[in-house]
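Peer 1: Structure in structure tokens, see below.
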Amino acid sequence: MRVVIAGAGLAGLACAKYLADAGFTPVVLERRDVLGGKIAAWKDEDGDWYETGLHIFFGAYPNMLQLFKELDIEDRLQWKEHSMIFNQPEKPGTYSRFDFPDIPAPINGLVAILRNNDMLTWPEKIRFGLGLLPAIVQGQSYVEEMDKYTWSEWMAKQNIPPRIEKEVFIAMSKALNFIDPDEISATILLTALNRFLQEKNGSKMAFLDGAPPERLCQPLVDYITERGGEVHINKPLKEILLNEDGSVKGYLIRGLDGAPDEVITADLYVSAMPVDPLKTMVPAPWREYPEFKQIQGLEGVPVINLHLWFDRKLTDIDHLLFSRSPLLSVYADMSNTCREYSDPDKSMLELVLAPAQDWIGKSDEEIVAATMAEIKQLFPQHFNGDNPARLLKSHVVKTPRSVYKATPGRQACRPDQRTSVPNFYLAGDFTMQKYLGSMEGAVLSGKQCAQAIAADFNPQTVPPTREIVTVG
């Protein structure tokens, strides 16, 4: 059976991969000229890559890690030491670390927290631990139930001191969903904390060794095409065409550069588009179906990713850093963390500006200037003096609608991969799966979509979703 998939991000490509495994013929259509969706990247005139986001692979990403294994590209993940490193704004140029020892979970996480005396006092650690007990004891059902609260509200409910939010969770909230704790659903942070505490290597981080379209998406494309599938770029979906009974008749693809529109048909159809464009594409007869009503409550969150090249090394740290800056979220010196971007003499900082709502409409020059002011606080030793570090060039990548904005109540808006339309399915990290808006969530949604199709139309099975895998 032929299955046409709109969208070549991780959800669409993962869906196609697992459909190919189950004996289907997937045909993936991507509207842009680059693969990857939210992990897309481009090369500039100097041959330097710039990316949509700063992409981190966690040990708590079992389906993503399984995918790397199945593609035989595990060596492309560059694992970092098991730590979480925070800037200390009150002591510019210094860091506070949570180092996880090589012992079983949750003991390793508790030791990491107890050893850190820079950010939290002992009474605060005890209050935080007591506040977390319901989530640890009651598990996922409690975590899901807390979707009615923001993280700030949940912390107040649990009598956790507000300073803990300021010291740790503003940074974590911005890293997970690009918004602040007074907006983000408590479910998001509790889910992350649960995975990090329950799995020995859950919070261990890896960087991809190069640009995602080449190092992750292309192996997926090769895998799909070797098994009879197809992947096409520059194929924007214009309209979902319907039969009289409301099922899908075909995908109308907009012709580019003067070419005529074309209709692509198949036995089954998948949307692996982000939720915002999907909402605009829903045909009128479908709008009363529950899943298409549900998604009206979802919208993508804006985010800005910056790349800044300097004339010297600003840091030797080979890891993700939590800036704890009012403007920025996480950042890394990619000349240290990523093999393809390696440079022993010059830094290339990749930084996430979040929340980005007030900045998405500003010029690149304004954004770079504001970011540079923050960088001077992060690396004062390189900017104070007679010979300050010099910015050589920059790239700013704006995503007005990224992952869905995970405010309270959004869990109820996330649809299943099956729809009320018998030949139409959904994939995307906004669909219901337990890893929320993330690369793992995208891969898992694609796998779950393929599993649903295989269960409905083919006795061959897709490999089961993974719970935990061991990482190096």
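Using the three backbone atoms N, Cα and C, a Cβ is placed for every residue, glycine included.
If you look up Swiss-Prot, you'll see 7-23 marked as FAD binding site.
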Peer 1: Counting other CB atoms within 10 A of each CB, which of the binding-site residues Leu13, Ala16, Leu19, Ala22 comes out lowest?
Peer 2: Ala22
Peer 1: May I ask you to report the DSSP-based helix, strand or coil state of Leu19 (FAD binding site)?
Peer 2: helix
Peer 1: Would you count the other CB atoms within 10 A of the CB of Leu10 (FAD binding site), including those on all shown protein chains?
Peer 2: 33
Peer 1: When you measure from the Cβ of Gly7 (FAD binding site), which residues in the chain that are at least 6 apart have a Cβ under 8 Å away?
Peer 2: Val28, Leu29, Glu30, Arg31, Gly37, Ser271, Ala272, Met273, Pro274, Ala427, Gly428
Peer 1: Reduce the DSSP letter at Leu13 (FAD binding site) to three states and note it down.
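Peer 2: In the DSSP reduction, Leu13 (FAD binding site) maps to helix.
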